[in-house]
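> Pasting a structure here, questions to come.
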């Protein structure tokens, strides 16, 4: 479903991603872990070319990701993304935030899009907030709207870039619960997160990154109980000590 071959990414002289070769089959849930500056968010953002790459190729569902133009827009429509910040339109209601892309991009009828929006808001547990505006919702609720909005495009892949890092601790679980239920339903997912419990419970596979490299690529149990690299041991020692 996702294939990265020989991917290199620089920011000026800084080598952000080095020789990334990665294949993620359909339905797999991959959690990307690593210290700050390891390249995990950059990896996530290159998958739908929010970040360009200097070398290599990225394929989504067998098609090479174009550099720009309509082909890129079409492929991007198949890749949902949820960020740290919710990026909801403040002047639109929750329901209208969710219906906007299906109507504009997928050319869906308004009545159909509204029906879809309500079913997705129900799925993430906030159908009763449909007519409110983003500022009237908590951070956790807004992030769940962002997930519903991404799902409204019926994506083949969902990317999550630290979706809980801007939330108050008591709101983290409500977002992780939605992500875990998506994982159970067979959505192909790439999640950059610091939530170790989620990685253990929901991931099929853990990628550990450091210095722009994929240092470990293994099953969650193996990573948490028997990390192979010193970098991973050091990372887990710091994270799990608290």
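The backbone N, Cα and C atoms fix where each Cβ goes, and this holds for glycine too.
Heads up, here are the entries from Swiss-Prot:
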BINDING   34, 35, 36, 37, 38, 39, 40, 41  ATP binding site
DOMAIN    2-236  domain 'ABC transporter'
> Identify all same-chain residues not among 34, 35, 36, 37, 38, 39, 40, 41 whose C-beta atom falls within 8 angstroms of the centroid of the ATP site's C-beta atoms; report them in sequence order.
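Those within range, site residues removed, are 209, 210.
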> Look up residue 37 (ATP binding site) in the DSSP assignment and report helix, strand or coil.
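SS state of residue 37 (ATP binding site) = coil.
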> Radius 10 Å, atoms counted are CB only; among the binding-site residues 34, 35, 37, which position scores highest?
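When each Cβ's neighbours within 10 Å are tallied, 34 tops the list.
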> Excluding near sequence neighbours, so keeping only residues 6 or more apart in the same chain, what lies with its CB under 8 A of residue 41 (ATP binding site)?
161, 162, 192
> Please compare the binding-site residues 36, 38, 39 by how many other CB atoms fall within 10 Å of each one's CB, and tell me which has the fewest.
36
> So if I measure Cβ to Cβ from residue 40 (ATP binding site) and keep only same-chain residues at least 6 apart in sequence, which ones fall under 8 Å?
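Long-range Cβ contacts: 32, 33, 34, 192, 207, 209.
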